[in-house]
2 protein chains.
Amino acid sequence: MDIGADRDESHSPTVAQVGEFGVIDRSTRGRIQSSHTILGPGDDAAVVAAADGRVVATTDMLVEGRHFRLDWSSPIDVGRKAVAQNGADISAMGARCTGFLVALGCPASTSVEVTDGLSEGFWREAQRAGASIIGGDLVQSEELVISITALGDLEGRPPVLRSGARPGDVVAVFGHLGWSAAGLAVLEAGRSGHAALVDAHRVPAPEYEQGVSAALAGATSLTDVSDGLVADLGHIAQASSVSVDLNSDLLDTGSEIVSAATDLGVSVLSWVLGGGEDHAFAATFPRTARIPDGWTVVGHVSGPSGAPMVTVDGEPFSGPAGWSSFDGSTE
Amino acid sequence: MDIGADRDESHSPTVAQVGEFGVIDRSTRGRIQSSHTILGPGDDAAVVAAADGRVVATTDMLVEGRHFRLDWSSPIDVGRKAVAQNGADISAMGARCTGFLVALGCPASTSVEVTDGLSEGFWREAQRAGASIIGGDLVQSEELVISITALGDLEGRPPVLRSGARPGDVVAVFGHLGWSAAGLAVLEAGRSGHAALVDAHRVPAPEYEQGVSAALAGATSLTDVSDGLVADLGHIAQASSVSVDLNSDLLDTGSEIVSAATDLGVSVLSWVLGGGEDHAFAATFPRTARIPDGWTVVGHVSGPSGAPMVTVDGEPFSGPAGWSSFDGSTE
């Protein structure tokens with residue numbers, strides 16, 4: 001479905017005109033459920049396989065103006081991002097995604113072009129994660145609100161918690177760090193260019209299978225980087241009662257982000273260490289583990305001497321403390 | 001926790017003052033997870049038992065001013081209602097609730113008295129359903145939005161679908177019908193009294209185990225009554241390609257609802273047949289089945305002669321068609 005083709009005509013009907021059941025029909029018609037789905041949308045509830053007798057579950061809510069802007073991102077991008085940030089949380093337990101539920105609140109005046117685009121984005125990203133949209137709800141609200149629940153399968157393995165890091169472990173990361181924050185800064189500054197960073201902000205693209213790879217390699221702790229590397233490693237340090245030291249020389253800053261930092265006069269490390277929403281992964285591994293391909297060792301874990309903390313090159317990190325939902329910012 | 005005691009003081013801090021993690025801490029501290037929970041809140045995702053290798057899942061969103069009003073209902077009532085309407089969908093598959101996830105969006109100025117009350121309501125109703133709150137999210141939004149996902153266990157049974165009704169089956173219901181609509185009408189009219197009806201509107205109290213009872217008794221189809229009896233039986237008729245005829249003499253109208261109908265000059269049957277949000281249950285059973293205790297036979301299923309439809313005493317129902325999310329009403 002290419003909803004972009006209709007965009008210039010502006011003749012798209014509204015959600016009120018099409019009605020609740022019409023919008024739901026447009027979003028489910030012709031969709032093919034994944035092999036995990038035993039019963040898809042259309043009854044009081046869905047049924048999903050949970051082969052090893054357990055299900056992993058997480059939920060995240062996104063609000064227009066705070067978590068996304070439709071003048072910066074297409075509806076498809078927003079739909080993908082909403083599913084991606086939930087799917088990344090499933091991967092961050094060492095699990096595979098098996099299904100997603102979507103609750104959507106929107107004004108009656110919302111164009112079905114927007115709901116069609118969101119739906120297309122939900123589906124595209126759910127399929128990237130190896131799953132599908134198994135159910136949902138559509139209600140009227142003043143602002144556009146998306147709430148996603150992701151389900152996952154541990155395939156017989158124990159979940160990889162935040163609390164398992166041990167002194168002597170190494171810290172490794174997978175994925176671009178700071179790209180989403182850099183892309184947001186480019187958009188906020190009204191700059192052109194830096195497309196890779198802007199794209200990373202619009203649609204994080206978690207490599208979902210890396211959570212399983214980390215689990216299979218013996219990761220002692222694992223999280224996705226949603227609040228910022230230092231903040232998320234802080235959650236691991238706190239839960240594991242350890243401290244983490246990062247070696248800034250080992251962090252891959254890459255030419256894209258250095259170029260944007262120079263352009264905007266910002267410190268690269270403030271993005272790499274403090275920027276959220278990348279949905280990269282951070283894990284700790286025993287020193288003897290074979291670190292999976294594509295992961296980079298960026299630090300080490302030490303024992304509890306005083307309060308658990310995260311340092312960079314042995315010093316406290318003085319940059320942004322990470323994302324918080326009630327800090328007064330608008331994105 | 002009796003948050004009502006603080007209400008007159010108006011010295012309760014706001015969510016912005018307490019912060020995201022402070023509010024989450026207040027809502028999770030000291031809570032005891034149910035036996036279904038393998039890993040509760042605090043990591044990237046929760047883990048819940050799914051003993052028979054499948055999980056039932058459903059989601060519903062509630063928006064202030066449209067699905068509830070805090071001048072009519074306490075935060076505890078609203079929290080209970082949000083969980084109840086999702087838990088009833090799990091029961092309506094013939095399953096038992098195993099866990100609930102809660103995503104909450106609220107303005108920064110929201111009093112923590114409200115979030116504490118909602119949390120207390122979420123927990124009370126989750127425990128009534130035999131489960132607990134296993135995870136959630138808290139974000140800033142302009143209006144108060146609650147999105148719940150419920151998970152459930154079929155205990156080895158097939159799910160009871162809407163599509164299994166067969167000609168010759170009987171139709172039976174469990175629970176009060178029309179009470180929520182009557183209670184809403186009392187509130188909208190600004191009347192006093194009719195406390196049982198108003199309470200039923202504020203907090204539906206599904207008898208969750210009746211879904212399992214219906215399944216064990218051999219129900220061929222099952223749904224909860226959320227949109228209105230005729231509308232919800234219409235979903236069964238449509239999915240099963242059958243017609244349903246209700247016998248109005250068999251519908252229990254009871255003295256409470258008759259009294260309110262007289263008071264407001266409304267037809268009792270318009271509430272009983274058209275009123276939503278009761279989260280009673282409606283099912284079809286083979287004529288030879290032993291109908292579970294407490295269920296009332298109210299009609300029968302006939303074969304497809306023309307389009308599937310629901311009739312009352314052989315005539316089309318001319319009352320309200322049932323709840324729709326985009327019909328312009330405010331509740």
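Positions of Cβ are set from backbone N, Cα and C atoms, glycine also.
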According to TrEMBL, which candidate in A:Asp25, A:Asp77, A:Asp89, A:Asp116 joins A:Asp44, A:Thr58 at the Mg(2+) 4 site: A:Asp89
Binding-site residues satisfying Cβ distance under 8 Å to any chain B Cβ, from A:Thr58, A:Asp227, A:Glu277: A:Thr58
List of residues, in chain order, with Cβ under 8 A from that of A:Asp60 (Mg(2+) 1 binding site) and at least 6 apart: A:Ala82, A:Gln85, A:Asn86, A:Asp89, A:Ser147, A:Ile148
Binding-site residues compared (A:Asp44, A:Asp224, A:Asp227, A:Glu277) - the one with the fewest other Cβ atoms within 10 Å: A:Asp227
Three-class DSSP secondary structure - A:Asp60 (Mg(2+) 1 binding site): strand
Number of Cβ atoms other than its own within 10 Å, given for A:Thr59 (Mg(2+) 1 binding site): 26
Nonlocal residues around A:Thr58 (Mg(2+) 4 binding site), in sequence order (Cβ under 8 Å, 6 or more apart): A:Asn86, A:Asp89, A:Ile90, A:Thr149, A:Ala150
A:Asp227 (Mg(2+) 5 binding site): nearby binding-site residues from A:Asp44, A:Thr59, A:Arg162, Cα cut-off 10 Å: none
DSSP three-state assignment for A:Asp137 (Mg(2+) 1 binding site): strand
Inter-residue C-alpha distance, A:Arg162 (ATP binding site) and A:Asp224 (Mg(2+) 3 binding site) (nearest angstrom): 10
